[in-house]
Amino acid sequence: MPVAGPNIAGEPDALPGLTGHDRISARREKRFATALLAPAFLALIATTTFPLLFLIWISTQRMDLAMPFMDGFAGVDNYRQLLADPRFWRSLVLSLVYTVSTVVLQVVIGLALALLLMKMKRGQTLFRIIAILPVVLSPAIVGMVWRSFMLTPEFGVIDYLAISAGLGSQNWLGDPTMAMISVIVIHTWQWTPFAFMVLLASLAALPDEIYEAARIDRAGAWQRFIRITLPLLRPAIVMVIIMRTMVALTAFAAIYVVTAGGPGTATEILNLYAYRKSFTELSLGYGSALAVALLIVTLLISAVLFLMRRERAA
Amino acid sequence: MKTLRSLAISLAVLVFIIAWVFPILWSVLNSFKTEQDILAYPPKFFFEPTLAAYREVLFGSQSILPNVWSSFVISIGTTVLTMILAIPAAYALARLRVPGKRGAGFYILATQMLPPVGIIIPYFLVLRNIGWMDTYQGIIIIYLSFSLPFAIWLMVSYFEDIPFEMEEAAAVDGAGRLTTLWRIIIPQVKGGIAVTVVFVFLNAWNEFLFAVVLSGNTVRPVTIAMFNFVSVEQTLWAQLAAVSVIAMLPVVVLGVIAQQHIVKGLTVGAVKGGGRR
């Protein structure tokens, strides 16, 4: 499967034989291209770059919708407060726990399913369609379905299963640890089919000859997996990890619907904390500083992942 | 050995089906139950189906039809505006000599790094100041922040697949650049446009964070309106299930139609995901 993104950074194929007439047409081409690009770029600047600069400015302000008379320039006060804020550090840890656990689960389960189902001769289309269902749904709806029909004590199906298994009814979303596990499971449920689809497509694109050669070498199934399949799949796996990490760090809707960050702050990942600070507690200045912190964390993590990717590609 | 393996495969298949189909199927089943059936213990798999819940959520006092309408206006508006901006830009990036092309590509990618929770704060302040809270234009313009980079990337990949000879032949014919783009190039990427439209629509339909902050009584998509059916005192289970199913329907239909392209749509600009979840 062609997993690489489109090569828009590459130069266009050189057209042979540039003459003077062509040079004029080249200039016209540039002007034409600029006219085509300008509207989209203006829209992007207005909806992404401008808000970013504004966000950074807000983060240096004291801005409280509940106490507007206190508003004013705060310099780095919000950031100083942030570094000393245990709730911030806790939310950062929760973000990392949430991200690492959901990404690892998605990759491991997705890969296992892809390896097993690859062997199937018929019915792959059915599985592709089943795998598409969770992926296209709104995380808000997924959260609502799980929260109500799966996890509600003495009503949801999971709770029914727990009672039937003799574990008794559980407070799936009311107990801090259980709530965290629940939101991790829900995210994993929704996005594992994505990892499955990408990895299945990559597996299907691997050349058969390599396996034939390995079979002649009498390599066992496990050996073949470790020494051949895994290294060949590595680019696809790394890509899935990068994509899913970025999404997990900014996961919002499902957690918001299921627990809203609670009970207390038990499922309050950094993203949720920034939201609650800004729109529940109405401290936009401090909320902005939290959002900037999230941006920095995202950039750091993606830098590490990209370095990993380059190293492995080399 | 062989039977063991096929047993393992069958088991995986079974787990797969139960784990991923059941929560959706269960919501669908619940939406056809009476409030009495839905509360039955143990859960009922066989029951007399009724359309009562649908009748109530569609035509009852708390009808969600205005919210479905909201969702459609937002999603279609976002899709149209995104495509108008993205198609020319993607064509220029894919096929023309543009100064600073590398930088432009990187910029589009970098905009996707911004956490939505960060940019919603300035959006909120600006829209409140210009009186665009709870308006379609406010939400639709802001949705460009995630739909536009995604659509440009996806369209670039389709434009790159067209042979260069097409444009050259048209240029020899003396056709102007805009005419060439409109008459020759666009028809070549019809399929790509359709796929991009599906994904942009899907992402707009599913968006939640911006909608939660910016929506009000006028503009209130289904994903927000479903909270009407959940309250501390009482949850209307069957109606909640019916609303969930109604909200799922358009995206499931689109997803199944576009199933051949879903992996491409999900991994485009692979360095960072397209979807905003």
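Glycine residues also receive a Cβ, built from the backbone N, Cα and C atoms like all the rest.
Because the structure is a prediction, the values reported are computed rather than measured.
Summarising the annotation, TrEMBL assigns transmembrane segment to B:7-29, B:68-94, B:106-126, B:138-159, B:236-257. According to TrEMBL, the domain 'ABC transmembrane type-1' annotation covers B:68-258.
Take the transmembrane segment (B:106-126) and the stretches B:7-29, B:68-94, B:138-159, B:236-257: counting Cβ pairs under 8 Å, B:138-159 has the most.
Counting Cβ pairs under 8 Å to the transmembrane segment (B:138-159), the stretch among B:7-29, B:68-94, B:236-257 with the most such contacts is B:68-94. With a cut-off of 8 Å between Cβ atoms, the residues of this chain six or more beyond the transmembrane segment (B:68-94) that come close are 101, 104-105, 136, 139-141, 143-144, 147-148, 151-156, 158-160, 181, 185-186, 193, 196-197, 200-201, 204-205, 211, 215, 219-223, 225, 246-247.
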